[in-house]
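Chemist: What follows is a single structure, and I will ask about it in a moment.
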Amino acid sequence: MLRQIIHVDMDAFFASVEQRDHPEFAGKPVVVGGKPETRGVVAAASYEARKFGVRSAMAMALAVKKCPDLIIVPPRHHEYERVSRSIMEIFYQFTPLVEQISIDEAFLDVTGSLGLFQTAENIGRTIQQKIWQVHALTASVGIGPNKFVAKLASDFHKPQGFTMVHPDQVASFLDPLIVHTIWGIGEKTALTLNKLGIKTVGDAKSLSLTRLEALFGKQGKQIFYLCRGIDERPVVPEHEAKSLGKEITFSQDIIDVSYLFSIAGKLADQVGLRLRKGSKQCRTVTLKLRYCDWETISRSHTCTDPTNLTKTIYQNISLLIKKELPLKKPVRLLGVSVSNLCSENVQQQSLFGAQDVREAELTKVTDHLKEKYGEMAVVPGSVLYGKKTNFRKMD
Ligand SMILES: [Mg+2]
């Protein structure tokens with residue numbers, strides 16, 4: 001079936017919020033981030049700052065060199081998160097199929113909403129207007145028959161872009177773009193392709209599937225389809241997500257490692273509980289750490305046997321944390337998530353060792369107690385140490 005996918009991406013989100021709230025910054029080069037003397041990095045740059053070559057993730061010291069009049073604003077993540085939630089609410093007015101991919105962008109599958117709102121174009125324009133009316137912020141909108149095309153389209157005329165790519169325009173839209181724009185193509189792959197004379201997405205079509213697979217393995221297949229504008233990935237709303245997780249943003253950045261472990265234990269327990277409630281198990285456990293300067297790392301471990309036991313999830317998360325020690329910077333956010341989900345298979349239990357069976361029995365009892373007396377009725381020992389309440393947000 002022909003789909004209609006919209007990608008909405010806020011323009012220079014953090015910087016735009018600051019320019020909106022500080023009218024004296026309007027039209028000026030503004031960045032959000034840490035100070036250069038604290039080895040800060042640029043979290044977001046206004047379009048005026050970008051003219052000087054300032055980019056996000058750039059060291060602040062370098063940014064100041066490029067633009068001596070740069071206005072550096074400390075981040076107000078609470079505010080960005082609040083605005084983000086409100087913007088996502090606008091999207092849900094048009095479709096339940098909203099997949100948020102970062103704080104300031106989301107995919108919407110509006111195929112089923114066209115009866116109500118006529119066209120995808122109409123929905124896209126209305127969303128842009130609503131975001132402006134409610135938040136005095138601008139967004140760029142891209143519309144296409146799939147996620148890949150929609151995302152490239154939203155980036156096409158930023159800021160305040162509006163690009164609609166009809167199915168019969170996909171080839172003419174994609175062909176002239178540099179091959180780097182294809183998802184998953186990094187420096188190395190791009191270099192290999194360039195050496196073969198492949199500069200644009202259109203050029204890449206000259207390579208056969210066999211050739212691409214021989215060159216890049218599994219990724220070759222992806223390149224083959226994406227350069228032809230073929231992308232079947234669905235828009236996955238949160239409740240059907242293939243992963244689930246919990247994260248905490250601390251009110252103060254954390255350097256106390258034992259506290260981190262205790263919170264990891266609590267998160268692992270919540271994630272485990274959600275898996276067990278849904279009769280699901282996971283194979284992959286992922287740790288997310290965001291440092292005080294907003295640098296974010298994500299580390300995963302995939303287990304041979306699927307699990308939904310708090311203890312096993314916690315053990316894996318602990319190992320991942322240990323690999324990041326000593327902490328290079330204070331931590332502002334800790335997240336635990338699980339993916340590679342499968343349905344709980346009762347028979348599989350017999351494959352577990354006696355210890356796991358005992359652990360599973362014990363978990364059943366504690367789950368029952370939690371159900372009856374609330375989540376804090378039974379907590380892993382690791383959590384008790386860190387019974388502080390300085391969370392910014394728990395979701
Ligand atoms: Mg953006």
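Using the three backbone atoms N, Cα and C, a Cβ is placed for every residue, glycine included.
Keep in mind that TrEMBL annotations are predicted by a computer and have not been checked by a curator.
Copied straight from TrEMBL:
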- 5-186: domain 'UmuC' (DOMAIN)
- Asp9, Asp104: Mg(2+) binding site (BINDING)
- Phe14: site 'Substrate discrimination' (SITE)
- Glu105: active site (ACT_SITE)
Chemist: Are any of the recorded positions Asp9, Phe14, Asp104 near ligand 1, with a Cβ under 6 Å from it, and if so which?
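Modeler: Near ligand 1, sequence order: Asp9, Asp104.
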Chemist: Roughly how many Å separate the Cα of Phe14 (site 'Substrate discrimination') from that of Asp104 (Mg(2+) binding site), to the nearest whole number?
Modeler: 9
Chemist: Please list residues from the chain of Asp9 (Mg(2+) binding site) whose Cβ is under 8 angstroms from its Cβ, counting only those at least six apart in sequence.
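Modeler: Result: Asp104, Glu105, Ala139, Ser140, Val141, Gly142, Lys151, Ser154, Asp155, Lys158.
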Chemist: If you count the C-beta atoms lying within 10 Å of each candidate's C-beta, which of the recorded positions Asp104, Glu105 ends up with the smallest number?
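Modeler: Checked Asp104, Glu105; of these recorded positions, fewest Cβ neighbours within 10 Å: Glu105.
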Chemist: What is the total of other Cβ atoms whose distance to the Cβ of Phe14 (site 'Substrate discrimination') is within 10 Å?
Modeler: 28
Chemist: Could you tell me the mean pLDDT the prediction assigns to the domain 'UmuC' (5-186)?
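Modeler: On average, pLDDT over the domain 'UmuC' (5-186) sits at 94.
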Chemist: So, in DSSP terms, is Asp9 (Mg(2+) binding site) helix, strand, or coil?
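Modeler: Note: Asp9 (Mg(2+) binding site) is in a strand by DSSP.
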Chemist: Helix, strand or coil by DSSP: which one applies to Asp104 (Mg(2+) binding site)?
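Modeler: Coil, per DSSP.
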